[in-house]
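To keep things clear, I will list the structure first and then write my remarks on it.
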Amino acid sequence: MSHNSIHWFRKGLRLHDNPALIAALKDCRHIYPLFLLDPWYSNNTCIGINRWRFLIEALRDLDASLKKLNSRLFVVSGPPTEVLPKLFEKWKITRLTFEVDTEPYSQSRDKEVMKLAKECGVEAIPKISHTLYNIDRIIDENNGKPPMTYVRLQSVVKDIGPPKKPVPAPTKEDMKGVSTPSSEDHEEEFGIPTLADLGLDTSSLGPELFPGGEQEALRRLDEHMQRTAWVCKFEKPQTSPNSIIPSTTVLSPYVRFGCLSARTFWWRLTEVYTGQQHSKPPVSLHGQLLWREFFYTTAVGIPNFNRMEGNPHCVQVDWDNNPEHLAAWREARTGFPFIDAIMTQLRQEGWIHHLARHAVACFLTRGDLWISWEEGQKVFEELLLDADWSLNAGNWQWLSASAFFHQYFRVYSPIAFGKKTDKYGDYIKKYLPVLNKFPAEYIYEPWKAPRSIQERAGCIVGKDYPRPLVEHDVVHKKNIQRMKAAYAKRSSEDKDDKTITKGVKRKERSVLDMFEKKAKR
């Protein structure tokens, strides 16, 4: 039997290592590569202009790659549960394929879509390729609970074995006998929208430092993998949060959107490492991919993972509600140049170094402003190109010392931390040009500069640049005591329920597990 197949692109915006796409082409007569602009995301998630631009670029790149195979991309707006049944009928579809997505909304959506597909007589085939492993397999191998430490995750995946090798991208040979029907008005009905079509204001857009798309992802991967010595010596904590040129790969946006397969990245690293002395997890590049796997696994296994309330692994903290301080942090008006430079880079470019994320997250939460990590999570979700539901929630819990990391007394200084790797404040001067005439001794603390120096610099603190929101040396000590109290309360509650700190055993299988038992190795 020959099929009419829809391959539904979601995060896996690539042709390489796309087993669901390969499944769509098997015994296929007509293939319809589809991307849905799901209004749920726009209505429930604030997405910044940089992320929209990256997505549109990724879709254009995907369409160009498909055209080389005599196919093309179909872009449709609307809820999947409404759009797909109509397309099943219109295109006489017999098979639907897609890459598994473990986020809660995606799981509930896909469960409903699979039900509708069955009712329409359409075979639904989900395949795992966004993560290194089948996340449910990791949880099952850990007695039905998510591994709550990185070391435990390492132990579980060691027993499972290395990740599956990536599958090759489809070729013209694979497309023999397969066609993509389209009409002359295809672009009008199914074309990729522009940012203007989406009603987005592009006036704030800066230069496109990280163009979206699979081809750019593979180009950047090749470029980094040729730096054999750098790859082998790479240790994440030794990189600089405030270097003018990024000191890490900046492949995270490409992995997040699936322009680059995590498995492809893993095995390319393995090739580079073979026969060489190299760094090891957790600090190596392999280690970074395992951190991603760690947060994906905990996000599947812990209820209410992106919230404090109802999250059994998260310390319940009496965060303050201070809209003025939150807005000042979000808009780079804290009065601490290192923090404000990072938040400016984030808004302008959509990416900041992981240690820069540590600094601003600690500052917002337990370090200085005592504002909930959930608020910071929302801002990162909007502004980061690589904002990923699981990693965003997990890292904010970690950096606020609400879960995973419990040394709440270790606080990043918004002054001293940046000086370690940028003594003269070049990074600050790049992103906060109002301060670029301050001498190095005052660039991190301009409020301490004598009035005469402020005047010579053409920047009066309190007028041209804000005074600090808080006095760090005072407030961070007070906040340590508040965290201590929250931990003490948690400790007394744990005596009544000792299972909390060890994770929560799932009562039922997730949708991911129902999706693909065959993916277990």
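Easy rule for this one: first residue shown is 1, then count along the chain.
Each residue, glycine too, has its Cβ placed from N, Cα and C.
Note that the structure is predicted; figures quoted are calculated from it, not measured.
What TrEMBL says about this one:
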- 3-132: domain 'Photolyase/cryptochrome alpha/beta' (DOMAIN)
- 161-187: region 'Disordered' (REGION)
- 248-252, 288-295, 386-388: FAD binding site (BINDING)
- W319: site 'Electron transfer via tryptophanyl radical' (SITE)
- W373: site 'Electron transfer via tryptophanyl radical' (SITE)
- W396: site 'Electron transfer via tryptophanyl radical' (SITE)
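Spatially, by CA atoms, the recorded sites W319, W373, W396 include one closest to F295 (FAD binding site), and that is W396.
A Cα-Cα distance of 20 Å separates W373 (site 'Electron transfer via tryptophanyl radical') from W291 (FAD binding site). The two recorded residues, E293 (FAD binding site) and W396 (site 'Electron transfer via tryptophanyl radical'), have Cα atoms 16 Å apart. Put simply, of the binding-site residues T248, S252, L289, W291, A387, the one whose Cα is nearest the Cα of W319 (site 'Electron transfer via tryptophanyl radical') is A387. Counting other Cβ atoms within 10 Å of each Cβ, the binding-site residues V250, L289, A387 show the lowest value at V250. Cα of W396 (site 'Electron transfer via tryptophanyl radical') to Cα of A387 (FAD binding site): a span of 12 Å.
Spatially close to W291 (FAD binding site) yet at least six residues away along the chain are Y150, P282, judged by Cβ distances under 8 angstroms.
In the structure shown, the C-beta of W373 has more C-beta neighbours within 10 angstroms than that of any other entry among the recorded positions F295, W373, W396. Other Cβ atoms within 10 Å of the Cβ of E293 (FAD binding site) number 24 in total over all chains. For the domain 'Photolyase/cryptochrome alpha/beta' (3-132), the number of residues in each DSSP class (helix H, G, I; strand E, B; coil) is 59 helix, 31 strand, 40 coil.
Across the region 'Disordered' (161-187), the DSSP tally of helix, strand and coil residues reads 2 helix, 1 strand, 24 coil. Less than 8 angstroms from the CB of T248 (FAD binding site) sit K236, T239, H353, H354, each of them six or more residues away in the same chain. Across the residues of the domain 'Photolyase/cryptochrome alpha/beta' (3-132), the predicted structure has a mean pLDDT of 97.
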